[in-house]
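These come from TrEMBL:
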- B:136: active site, proton donor/acceptor (ACT_SITE)
- B:140: active site, proton donor (ACT_SITE)
- B:11, B:12, B:13, B:14, B:15, B:16, B:43, B:79, B:80, B:81, B:106, B:107, B:108, B:109: NAD(+) binding site (BINDING)
- B:137, B:146, B:147: (S)-2,3,4,5-tetrahydrodipicolinate binding site (BINDING)
- B:6-109: domain 'Dihydrodipicolinate reductase N-terminal' (DOMAIN)
- B:113-246: domain 'Dihydrodipicolinate reductase C-terminal' (DOMAIN)
C-alpha cells in the first residue's frame with residue numbers, strides 16, 4: 001500500500017479552506033499535517049513534513065505561497081484567484097528549474113462544472129445554435145457569471161476553429177435585453193432568483209433535436225472531490241497545469 | 001345519449017383549420033357538417049344544420065363570420081387573431097340581444113399553456129423572485145414571444161395586487177442584455193435555437209426553494225383538445241368569454 | 001399600525017425549531033416571546049404573553065402541546081408529524097368549544113411544494129398522461145417520497161372525479177421496475193443521487209404538448225415563509241385547518 | 001473547389017430514405033445521382049456514377065446492398081438495423097480486400113444523442129451516482145428504450161474500468177418499481193407520456209453538485225446532419241466503422 005500523501009492546507013480558516021481541511025482529513029489516502037491560517041509562518045509546512053500543499057488563501061498572498069512550495073519541492077494545488085497570465089508565466093519559468101514539481105491552478109474545482117464546459121466546447125461545432133443560461137442567487141453582483149463567460153468563449157473558439165457560422169436568428173422586433181448578452185457571438189442569459197445557488201445550462205440545437213448540458217452547484221462541498229483529485233494527480237504532472245480538465249481523462 | 005354537436009369549420013383549408021377538421025371528425029360526440037374554405041358562402045353553414053361554428057380564418061373576415069353566427073343563433077369558438085378591445089366590445093353588445101348564444105375567443109388553445117399562465121399568476125405573490133425564459137425556433141421574428149409578454153403582465157399584476165415588492169437583484173456589473181427584457185418588472189429571456197418549437201418556463205424562487213412551471217409545445221395538434229373543450233362548453237357559457245381559462249375548472 | 005404577533009416556539013432546540021426562532025425574530029410584524037426546548041414547562045408560554053404558538057416538537061408531545069394552546073386561547077401552527085385522522089378528529093372536537101381559536105396542521109410548509117401539488121391536481125383532468133419523478137439524496141430510506149405518494153393520490157382522485165381514463169401505455173416488453181411504481185394508477189419514479197436535496201416533477205402530457213410542474217427544495221429555510229404565512233393567517237381561520245393550501249389564495 | 005459527392009440513396013421511398021433524399025439534394029457539396037425504392041436494380045447506382053451510397057432499407061436486404069457497394073468501390077453509410085456481430089465481422093473481412101473503401105454502420109445518426117452517450121460515459125467515473133431517465137410517447141412497446149440500455153451499459157463499463165463502486169442507495173422501504181430498472185448497476189426510469197417524442201436524461205451526482213446531460217429528439221429530421229456528416233467523412237475512414245462517434249472529434 002502506498003503511504004498517504006502528507007498535505008498542508010493554507011487558508012484553513014476560510015470557508016473553502018475549512019472544507020478542504022475536512023475533506024483531506026476524511027480521505028483515506030491522505031494525512032493532514034498542517035492547517036495554517038492568515039499570518040502563520042510557512043516554515044511550519046516544512047517542519048510538518050508536507051509533500052503537498054493546498055492554497056486557498058487570497059490573491060495578495062497566493063503567489064508567495066506557491067513560490068515557497070516550488071522552491072522547497074512541494075507539489076501545489078491552488079484555488080485562489082488572481083493568477084493572470086503574467087503571474088502564470090513567471091511561475092512556469094520558476095518551475096522550469098524544478099522539473100519534478102507539479103502545480104495545478106484551477107479557476108474551478110467542481111468536476112461537474114469543468115466537465116460541462118469541456119463537453120459544451122466539444123459539442124459546439126456539431127450544432128447550428130448554441131446559447132447559455134446561467135442562474136444564480138440574487139446577491140451576485142456580476143452578470144453573466146465568470147463561468148458562463150468562459151464557457152461562451154470556449155464555445156465561440158471551438159466554432160470558429162471548425163468554421164461554423166453564427167447561429168440563425170430571424171429576430172426583427174425585440175425588447176431591449178430579450179435576446180441576452182453577446183459573448184463572442186454566443187447569447188448568454190442571466191437569471192437571478194432567491195433560493196438558487198449556482199446553475200448553468202448550455203443549450204445546443206440542430207434540426208429536430210436539442211442537446212442540453214446542465215450543471216447544478218448546491219454547496220461548496222462540490223469543490224472537494226476536485227481538490228482531492230488534484231492532490232492525487234499533481235505529482236504525476238510536473239510543471240504548471242492551468243485548469244482541472246488537464247487532469248481529467250476525457251478522451252475515450 | 002346526447003346527440004352529437006353539429007359543427008362547421010371555417011378556414012378549413014388553412015393549417016389550423018385542417019387540424020380542426022380532423023379533430024372534430026374524430027370526436028365521438030361531434031359531427032362535422034360543413035368545412036368551408038376562403039370565399040365559400042356562409043349560408044352553407046345554415047343549410048348543413050350546424051349549431052356550432054369554429055372560426056380559424058383571418059383577421060379580415062373573422063368579425064363578419066362571428067356576427068353571422070350570433071345572428072343565426074350558432075355558438076362560436078374563435079381562434080383567429082385580431083380581436084382587439086373595440087371589436088370585443090361590439091361583439092358583446094351584439095350578444096346582449098342573443099342571450100342564449102355563447103362565443104369563446106381564445107388567443108391560445110393549448111391547454112398546457114393556458115394552465116401554465118394561470119398557475120404562474122396565482123403563485124407569483126408567494127415568491128420573492130419570478131423570471132421567465134421562453135425558447136423558440138430561430139425563425140421567429142419577435143422577442144419575447146407574445147405568450148411570454150402576456151404571462152409577465154399577469155405575473156406583474158398579481159404581484160402588484162398583493163403588494164409584493166420587486167424581486168431582489170444585486171447586479172452591479174452586467175453585459176448589455178444579460179439580465180433580459182423588463183416586462184412590468186419581470187425579467188424575460190428569449191432563447192432562439194434550431195430544432196425547438198415553442199417552450200416556456202416560469203421560474204419562481206423563495207428562500208431555499210424554487211417552483212418551475214414549464215410548457216412545451218411540440219406540434220399544432222396541441223391546440224385541438226382546447227378547441228374541442230371549447231365546443232363542448234360554449235353553449236353552457238352564454239355571452240362572450242375571452243380566454244380558454246374561462247372554461248377551465250381551476251378552483252378546487 | 002397593528003401590534004406584532006406574540007409568538008412562542010416549542011421545539012426551539014431542534015433543527016426546524018431553530019430555523020423558526022430565527023425567522024420569527026427577523027419578521028418585523030412578530031415578536032418572539034418564548035422559545036422552549038424539550039422538558040421546559042408550557043406555562044412559560046402563558047407567562048410570556050404569547051398569543052400564537054409554533055409546535056415543531058415530536059409526535060409524542062405535539063398533541064398535549066396543541067391541546068394546551070387551545071385550552072388557553074392561543075392560536076397554533078403545527079409542523080410536527082403524527083397527526084392521524086383520530087387525533088385530528090379529537091382536536092376538531094376540542095376546537096368546537098373554542099370558536100375563536102385557530103389551529104393549522106401542515107404536513108408541508110414549503111410554499112412551492114404545496115402549490116406544485118395543488119396545481120398538479122387541478123391540471124390532471126386536462127391531460128391524457130400524468131407521471132411523477134421525485135429525486136432525492138441517496139440517504140433517504142423510503143421510495144417514493146411521502147410527498148410524491150400524496151401528489152399521486154391527489155392526481156388520481158382528481159382524474160377519477162372528472163372521469164378521465166388511465167393514461168395510455170403500449171408497453172409490452174419491460175425490464176422489471178422500468179415503468180416505476182403504480183400509485184393509484186399514476187406512475188412514480190424515484191431517483192437517488194448524491195448531491196441532491198429534495199426535488200419533484202409532475203409531467204402532464206397531451207397531444208403535441210407537455211406541462212411540467214417542478215419543485216426544488218434546497219434548504220430547510222424553504223419552510224419558513226410557510227410558517228410565517230401560517231402565523232399571520234391562523235387567527236382569521238378559526239377551527240382546524242389541515243394543509244397550508246387552506247390558507248393560500250389559489251382561486252383567481 | 002472540390003466536386004460534389006455523387007450520392008445514391010437506397011430505400012428512398014421509406015420515411016428515413018425520403019428525408020435523406022431531401023437532405024442530400026439540399027446539401028451544396030453533394031449531388032443526388034440515384035434514389036432507389038424496393039426492388040429496383042442496384043446496377044442503376046453504377047450507371048448513375050455514384051461514389052457514395054446511403055442504405056436506409058430493411059434488415060433483409062441491407063447486407064447484400066453493402067457488399068455490392070464494397071465490391072464496386074463505393075463508400076457506404078448505413079442506417080438499417082440488423083447488423084449483428086457476425087454480419088459486421090463478415091463485412092470487415094470483405095473490406096480487408098478493398099483497402100480504400102469505407103463503410104459506416106450507425107445505430108443512431110442523431111448527433112446530439114451520440115454525443116450525449118459519449119459524454120455520459122466519459123463523465124461516469126467522476127461521480128458517486130448515475131441514473132438515467134428516458135421519456136417517450138406512450139405507443140412505444142419496450143421499456144427502457146434501446147438507447148437508454150446502451151447508455152447504461154456504456155456508463156456501467158466506464159465505471160467498472162475506473163474501479164468506481166456502485167452508487168449509494170439507502171432505500172429500505174420501496175414500492176415495487178419505484179427505483180427503476182437495474183441495467184448493469186445503473187438505474188433506468190422509463191416515462192411514457194402523450195405528446196412526447198424521444199428524450200433522455202443522464203443524471204450524475206457528487207457531493208453538492210449535479211451534472212445533467214439531456215437529449216431531446218423532436219423529429220426524424222434530427223438524423224440528417226449525422227447522415228451528411230457520415231457521407232462527408234466515410235472516404236477518409238477506410239474499413240468498417242461502427243457508430244457515428246467514430247467520426248466525431250471528441251478529444252480536445
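In case you wondered, yes, glycine gets a Cβ from its N, Cα and C as well.
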For the domain 'Dihydrodipicolinate reductase N-terminal' (B:6-109), the number of residues DSSP places in helix, strand and coil: 42 helix, 24 strand, 38 coil
Confidence summary (mean pLDDT) of the domain 'Dihydrodipicolinate reductase C-terminal' (B:113-246): 96
Recorded positions (B:13, B:15, B:43, B:140, B:146, B:147) in Cβ proximity to chain A, threshold under 8 Å: B:140
Three-state composition of the domain 'Dihydrodipicolinate reductase C-terminal' (B:113-246), taking helix and strand from DSSP: 50 helix, 44 strand, 40 coil
Whole-number Å value for how far residue B:137 ((S)-2,3,4,5-tetrahydrodipicolinate binding site) lies from residue B:11 (NAD(+) binding site) (Cα to Cα): 26
Distance, residue B:15 (NAD(+) binding site) to residue B:146 ((S)-2,3,4,5-tetrahydrodipicolinate binding site) (CA atoms, angstrom): 20
Cα-to-Cα gap, residue B:137 ((S)-2,3,4,5-tetrahydrodipicolinate binding site) vs residue B:106 (NAD(+) binding site), nearest whole Å: 23
Spatial neighbours of residue B:80 (NAD(+) binding site) that are distant in sequence (at least 6 apart) but have CB under 8 A: B:11, B:55, B:56, B:57, B:58, B:59, B:62
Shell of the (S)-2,3,4,5-tetrahydrodipicolinate site beyond B:137, B:146, B:147, same chain only (C-beta within 8 angstroms of their C-beta centre): B:134, B:136, B:140, B:142, B:144, B:145, B:148, B:198, B:200
Neighbour count (Cβ, 10 Å) for the residue listed as 'active site, proton donor/acceptor': 23
For residue B:108 (NAD(+) binding site), nearby residues of its own chain (Cβ under 8 Å, 6 or more apart in sequence): B:114, B:147, B:226, B:243, B:244
Cβ atoms near residue B:146 ((S)-2,3,4,5-tetrahydrodipicolinate binding site) (within 10 Å, other residues, all chains): 12
Separation of alpha carbons, residue B:15 (NAD(+) binding site) and the residue listed as 'active site, proton donor/acceptor' (Å): 19
The one of B:13, B:15, B:137 whose CB sees the fewest other CB atoms within 10 Å, among these binding-site residues: B:15
Spatial separation of residue B:140 (active site, proton donor) from residue B:106 (NAD(+) binding site) - C-alpha basis, Å: 21
Distance from residue B:15 (NAD(+) binding site) back to the residue listed as 'active site, proton donor', taken between C-alpha atoms, in Å: 18
Cβ atoms near residue B:106 (NAD(+) binding site) (within 10 Å, other residues, all chains): 23
